[in-house]
Every structure is written in C-alpha cells, then in structure tokens.
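S.K.: Before we start, here is the structure in question, set down as structure tokens.
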Amino acid sequence: MSAPTQQERFSFQAEVVQLLDLMIHSLYSNKEIFLRELISNASDAIDRLRFAQLTEPGLDEDEEELRIHVAFDKDARTITITDNGIGMSRQEVMDNIGTIAKSGTREFFQALTGDQRKDATLIGQFGVGFYSSFIVADRVTLTTRRAGLSAEEGVRWESDGRGEYALETVERPRRGTELVLHLREGEDDLLNHHRLLTIIQKYSDHISLPIVMPQDGGDEAGEDTVVNRGSALWARPKSEIGDADYNEFYKHVAHDFADPLAHLHSKMEGTYEYTLLLFIPATAPFDLWMPEARHGVKLHVQRVFIMDDTGQLMPNYLRFVRGVIDSADLPLNVSREILQSSRVVDNIRSSAVKKVLRLLKDLAEKEPEKYARFWREFGDVLKEGVAEDFSNRDEIAKLLRFTTTKSATDEPDTSLSDYVARMKEGQDKIYYLIAPTPAAAKSSPHLEIFRKKGIEVLLLGQAIDNWLVTSLPDFEGKRLQSVAQGVSDLGAMEDEAEKEAGEKAGTELSGLIERVKKALGDKVADVRTTNRLTTSPACIVADEPDLELNLMRRMQGSGMPSRPILEINPEHPLVRRLDREGDEQRLSDWAHVLYSQSVLTLGARIEDPAEFVERLNGLLMTLADDTEADAENADADGGSGEE
Ligand SMILES: Nc1ncnc2c1ncn2[C@@H]1O[C@H](COP(=O)(O)OP(=O)(O)OP(=O)(O)O)[C@@H](O)[C@H]1O
C-alpha cells in the first residue's frame, strides 16, 4: 500500500515526442477521431476487466454497470472520458503511456516522408490511440486505478505533450480510468452536447458497451442517458447494419484509420453456433513480417471478449485478417490450453478459413482491382498458405498472382488458371524462373528459348517463392518446372530439324567441350551444348535431380547449384571463335570468363571477382593488341599501295 507521493517528472521516449508533433499537424483536419480512439481504449479496458473477472472470480466485483462515461465542462473547458474497466497500476502507466512499446516503431519512423497527407495515412496504420488526445488538448490528466489494487494505489499522470509528464500516487476510490482533456484555444466547438453526441454516434455506435452522457452533456445536468446502441454489432441482424457501421467497427477492432477492403459477416447454426465478422484490411500493418506480429481476430464467447487470437483461430498465413469470432458453445472461462485442443475451435477455424478464402475468391472474380490491391499488400503472406495448409492448397493456388514474361508491367496480373488457359499446344508444364530481382529475371539467359518459342514463363522473385514452388508441385495436373533446370523437356519443343542441328552442333563442338571441361576442372559438373540460348554465349543450369537453384542459394549462401552445369550456345560467334582458339592458356581464360559471366547472370556471386577482372582485362588487351596489329598492317599495306 502506498501513500500519495510527491509528483515526479519523467521524459517521454524520443519517438513519442516526434509522433505527437506529427500527429497534431497531420491529423488535425480529422480531429474528432480523438473521441473514437479514447472510447475504443475505454471499451478495451472494460473487455479486459470482464475477462480478468472470469479467470479471477471476485476481482473488484461490484454492482456497478460496466460503461463508458463522456461529459464536458464549459467553464473549465474540459472533456472527461471515464471508464470502469481494468485501469492501470503505476508501472503499467509508465509502460503504456509516454512510451511506444510497439513492434514496427523504427520502421514506422523510417517510412515517414514529410508529406502530411501520406504521413497521416501511415500514422493511421501505426495507430495513435491515447496520444490522439493531444490533437485537441494542450494538457491531459489521466487518473487511474488498477482493478484489485487499493484506493491508495491510484495514479495520476499529467502532461502538456511537449516532452515530459508528471506522475504521482493518489487516492482513487473507484477502479478504472478517467481522462480529462484540457482543450486547446479555439476548440470550444467541442464543448457542446449535440456535437459530442454526433461524434459518438458516427464513430462509436457499434461499441457493445453503453456509452453514457449526462442529459445535457455538462456536469450540472441531470440523469445519464445511453447515447449509443450498446449492442454487439455482429449480433445484430445484417439488414440493420450499413457499410458505415461495418467500417467504423473495423477501425475499432483493427486499430486502423482506413476503411477495410472487404468483410464477411456470417452466423452459423448447426452442430456449433457461432458468428464470424471478419475483415480484410486495405493496407498491411507495420508488423506483418515481424515474428511477433499480432493476429487480428478477437475471440468472444456469448458476446464477452475472451482473448486475442494467437494462432488458434486463424492460421499464420491469414494473420492479416481482423475481426471477431463469437462462439455460443465455448465456456466463458475458456483458457488458451482448452482452445488448443477444442473440437469447437477446430470446427470454427476450418470454416472461418474456408469463408475467408471464398471471400478472396469472390473479390478476385468480381472486383479485380480491389483484389490486385489485396495481392500487393498481402500476396506474399497468402503464399505461405500453399506450404502451410495442405487441405486448402488448391483453393489458395487459385488465388496466387504472378508477373510473367507476357505481363505488360511488373504487376502480378496472372493467375495459374490464366497461365494454363494460355498454354501452347503440346505444352504440358507450367514454367517458372526464380531470380533475385525482376530485372535479373527479365534478362535471364534461361528465358531465351522460351521467348523464341513464345512460351510464357512465371517470373518469381520473392524469398517465399522458393517454398512456394517446392510446396506446389503441380496445378490442375500440370507440373511446375524451373526453366533453369534440366534439358529433357526442351527436346520435346524442338522440331526434327532443330533436333538434328542440335545433335550436329554437339558432335562438332565435342573437342571444344572437352577442352573447356578440362580448363574449368571441378568448378562444373559438366559442360554441354544447348539450344536454350539465342543471344547469350553460355549459362549455368542445375543438374537434373538437383534442388531448385535458389533453394540451394539459401542453403549455401552462394547462389550456385551444388552441381552446376555450364551450357554453351553453339550458334554464338564467341563460342565459334573459341573453337578455333589454338592457344590453350587463352582458351582457359575464355572458358573462365564465360563461366563467371554465367554465374553473374544467374544472379549469384562469383567466387573471385578480382581474378575474373584480371582474366577479362587480359583478354581485352590481347584483342586490343590484335586490333592495333591489324591497323598497323593495314597502314603498312596502304603505304606500300601508294608508293
Ligand atoms: N482507458 C484505459 N484503461 C486501461 N488501460 C488503458 C486505457 N487507455 C490506454 N490504456 C493502456 O495503454 C496502452 C496504450 O494505449 P494506446 O491507445 O496508446 O495504444 P493501443 O490502444 O494499445 O493501440 P493503438 O495505438 O493501435 O490504438 C493500451 O494498450 C492499454 O494497455
């Protein structure tokens, strides 16, 4: 137990000062959202209290109705938001208010551009919560007491939002949090019952707890009245819910500022009874790729918030989905352990996943522009599902989008079904190329024969794509095949004349091939001629049973297949010239240069760049010498002609 203490002063974390400054400027035009954010926090605090009371019976139980209270005082020029939720201890205040303990904070600040409009959207994604009070207030006083602590353990936090805050221990008979906003000059329009009522009804009508205001808003007024509908949005009949209601509810559950891209609302009755209200956000949250990224679905049991999903309700590859799942069959005191082995949860999860995939399918079919946006934001996450969720693999595969050699831009605009529909006669495989960047993919020598034959190739360039292709061996009976691997099916694409020409080239160049093999030694597993090249002199491919090249790159860190094969283009003038090279040292230098070039076009690293440059310069010098000698000879010839 602690007695009231002297005020102590603390500094905000540097990022908070920066965030506050930015927020006040860029969100001012939308200043009324402060009330939505603070009511949302109050509602979360009450949800957390209800859950804590389920697990700790007797915790601060009283007869008082759980509610959020909003009032204003015209003379004092304040707005007060009070909740009787879980409250905070002194340590919790220090940890939560005045610091940002959020993953993605560093990335968020790096992403800021200085352009107010763009930054406002970013702030929206990041979430401003409590700090939005400073948009309208130049002093904020928060008084709180954690449920279960004694009246003497109340805490008062106060700040003008300029860099410091004061903290003191105070007597607070009631649990929960009271927030007093001392309004800035010029914000008096907010000291108006009708104005506050309109804001609450616009942004917070869906809050399932009662929001009450004194009848006239001001504190000398009479009875409190409930100003929102106060029933869980997802439990209302769909016919009574408009898009605006869904959008505001989404902003509350997802802590987002922007409207969602799509939603699904579905009541299931049968063996199990549950309601799903799920949303696809329009933009990816900052922590999407962080290991601790939060899942966005909140589990409720009979409308009481129970807990945030940690992977039981939505698989990892759908971690961007936000919303609520409300079950009528789980016990109110359900624990995480029970959830993990619950048939009810398994059933809900599998139907929720199917419904989300169906929602995405509908979006792709009916609103392709929206789907393209979804894919840009979340496509790489969805790809994880191909490896993660075997039972839905085919459905997920249909949702994938790729850039291909036939795409007009770098945008992934082609589905596997589109690809299959465009396959050439006789083609029985889906070809893909994995390269570290789109530019490297487009200029890869491995594509030359496919371009020549007009065969489309999927261009893959993301780290996840390695796993995608290994987890998706085929689609609609068509095998996925790397263009940088093997020779066998290239043969099937050749006509008789081409086959003959290829065989002839192989025999003609057999001497050269042996010499190159000898020069390169154990750098290569083999050297052979190929028909896959039209403009490049050589390339590297993986041995037939080898794993996908890029997978090897990850495993070895070099980007090279474990058994690289050098393929040379018999039609290329450089190769022809090499065949005539009499000097074994020069031939060896050429062979090494061709090899290193091929490693580079693969997007891999060459082992000894200095040696490569030296050999190349050596060859250039001999070429220059040859050219000079030719020129001198020509001069000499010319001179003698004149004589
Ligand atoms: N009324 C309240 N009662 C109890 N705790 C609160 C209250 N308001 C804020 N908090 C605590 O402070 C933390 C920070 O709040 P803040 O609004 O800044 O962020 P948030 O709600 O966690 O997320 P977001 O920034 O996305 O809104 C909350 O997570 C909560 O623990």
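Placement of Cβ uses the backbone N, Cα and C atoms for every residue, glycine included.
Under the heading ATP binding site, TrEMBL lists Glu37, Asn41, Asp83, Met88, Asn96, 102-104, 125-130, Thr177, Arg336. Summarising the annotation, TrEMBL assigns domain 'Histidine kinase/HSP90-like ATPase' to 30-187. The feature region 'A' is assigned by TrEMBL to 1-336. Among the features that TrEMBL reports, region 'C' is placed at 554-643.
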S.K.: Among the binding-site residues Glu37, Asp83, which residue has its Cβ surrounded by the fewest other Cβ atoms within 10 Å?
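M.R.: Across Glu37, Asp83, these binding-site residues, the one with fewest Cβ atoms within 10 Å is Glu37.
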S.K.: Counting every protein chain present, what is the number of Cβ atoms, excluding its own, within 10 Å of the Cβ of Gly129 (ATP binding site)?
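M.R.: Gly129 (ATP binding site) is surrounded by 18 other Cβ atoms within 10 Å.
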S.K.: Report, as a single number, how many Cβ atoms besides its own are within 10 Å of the Cβ of Asn96 (ATP binding site).
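M.R.: Its Cβ shell of radius 10 Å holds 15 other Cβ atoms.
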S.K.: Once the chains shown are all counted, how many other Cβ atoms turn up within 10 Å of the Cβ of Gly127 (ATP binding site)?
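M.R.: That number is 20.
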S.K.: Which state, by DSSP, holds Asp83 (ATP binding site): helix, strand or coil?
M.R.: strand
S.K.: In sequence order, which same-chain residues at least six apart have a C-beta under 8 angstroms from Thr177 (ATP binding site)?
M.R.: Ala42, Ala45, Thr82, Asp83, Gly85, Gly87, Met88, Leu142, Thr143, Thr144
S.K.: When DSSP is mapped onto helix/strand/coil, what comes out for Thr177 (ATP binding site)?
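M.R.: It is in a strand.
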